[in-house]
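These notes concern the structure reproduced below.
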Amino acid sequence: MPGHILTVCTANICRSPMAEALLRHALRAEPEPLRSLKVVSAGIAAHRGEAISENSLIALKKVGIDYAQFRSQPLTRELVDGALAIFCMTESHRAMIQLNFDPPPKHLYLFRELIGNGAPVEIADPFGGPLGLYESSRDEMVEAIPSILDLLRKITAPPASPPV
């Protein structure tokens, strides 16, 4: 089974690192096999080695997560092919992956699409905005995590035994 969960945004310095950090935090509280899942992030147009944005770092620190060591990376074939599931911030990110990776990944979602109930599915880019926008993005991610964990439980569940 592929070994990581991948979160994707544009530059990999605001949304996807926050999503990565929040998912890692949530998975640590889960039983195996979820607890052992690795979470990584990348950007459609990212440069390698950039630090997480200051406001993303502050928004995470406000919920007890220090992610100062984070460094950005561009989206690669290796990251896509090795992903158990990919969670994008917007429909345009998903479209870019579908366009640039053939065959497209099987488990490719918007971060919030599994919530249902008519909830908005995209997470807007807070880049350059005030801290409150970053906190709103963080909170939108937190709201989606239970639905993502439900999906990951299904994906990682052992196959059902055939009836005897």
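Cβ atoms are placed via backbone N, Cα and C, with glycine included.
Residues or ranges marked as active site, nucleophile in TrEMBL: Cys9. Residues or ranges marked as active site in TrEMBL: Arg15. The active site, proton donor annotation in TrEMBL covers Asp125. Positions annotated as domain 'Phosphotyrosine protein phosphatase I' by TrEMBL: 3-151.
Neighbour list (Arg15 (active site), Cβ cut-off 8 Å, at least 6 residues apart, same chain): Thr7, Cys9, Ser56, Met89, Ile123, Asp125, Pro126, Ser137, Met141. Along the domain 'Phosphotyrosine protein phosphatase I' (3-151), the predicted structure has mean pLDDT 97. By a simple count of nearby Cβ atoms, those within 10 Å, the most crowded of the active-site residues Cys9, Asp125 is Cys9. DSSP assigns the residue listed as 'active site, proton donor' to coil, not to a helix or a strand. In the three-state DSSP classification, Cys9 (active site, nucleophile) falls within a strand.
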